[in-house]
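One structure below.
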Amino acid sequence: MFCSCLEIVFFLAGRHHSQFPSLPDENETNKSSDSPPTVFSSLPDELILNCLARVSRFYRPSLSLVNKEFQSLIASPDLEATRSRIGVTENHLYVCLESNKNNPNPRWFTLAPIPKEQKVKPIIPSFPYQHPTSSTFVSIGSEIYIIGGFVKRKRSRRVLVLDCRSHQCRRLPNMALPRVSAAADVIDGKIYVVGGSKSKNIDNWGEVFDPETQTWEPIFPTTVDLTTQKSVFPGKLVMGGKVYDMDGLKVNLNLNSCVVEIDNMMCQISVCKGILVWYDSEEDLVWNKSMVFDRLGLDWTKEGKTEIWCAEISLERRGFGELWGFVEWSKKVFTYDGCDSPSDFFLHSAIVTY
């Protein structure tokens, strides 16, 4: 939808799509060209905004170069209000990277999903707080919640939220107990947090946060349909409101793997080895292994530089016990000086919708 709307916008602006770069350099974004009158000049602003609202946000820097009228409309808060009114949303991938070891505040980046030009761009301003290690991340709408973790080597009750619309970070009310590597899930608009504390008292088993009232309440094993496990992988082994016990399934979880739930299947993807390991909770109790990458080797470090690669993989069921993976695209999205392993700089990722 976004591509077709973009072509319509360029047509009405009196220019061809190929005349504009997908994402201009930063020094070009402040420039605007004086264009002759176009079809847009005779259209009401409401209709123009309705058209622009259907175009991906990542094309806005290019559209701002069309003329001063476009630049003004794109900067107007009415554009986001129009998107909200007509129900246009996009999924945005955010990643948190520690690319500078001398800076205790890591940077958040977002992936620009423009076809053939995918790249990671830093958000501004940078993260204002010291980033807790072993924290848990969940997202609701356009906000990413950062729950607990180690701060100055101590378990923390702190909860932060990053608003991905404004790129502003703020603190929320603290949890009742400090928690590290807790499991978390969003159920009916509320954030359930389980485990991660030293307490063995069942009264401290978990707690739930209500974003509407901004309050925490304790939860018990009978409050919601949840089951505990001895070692909870940070917020990843949560499916449909249940924390699944993987004990005995012989799955090795590490920082080079991504664990997600798709259609009631728990999928673990090994980034460096190009291997997909998956588990279907309805059909079997064993982990199955599938090869999903054409390229099985991946160089994270090269000649004193670190390269970050990103891939989009679509999964498809094909009969009993079969899961096929297709690499939609795969490319380098970010490079910085220094040779580190992925666990040294990659902290967290989250998908937000707005």
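Each Cβ is built from the backbone N, Cα and C atoms, and glycine gets one as well.
Annotation comment: Swiss-Prot describes 37-86 as domain 'F-box'. Swiss-Prot lists 143-189 with the feature repeat 'Kelch 1'. According to Swiss-Prot, the repeat 'Kelch 2' annotation covers 190-236.
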With helix taken as DSSP H, G or I, strand as E or B and everything else coil, how many residues of the domain 'F-box' (37-86) land in each class?
37 helix, 0 strand, 13 coil
To what whole number does the mean pLDDT across the repeat 'Kelch 2' (190-236) round?
71
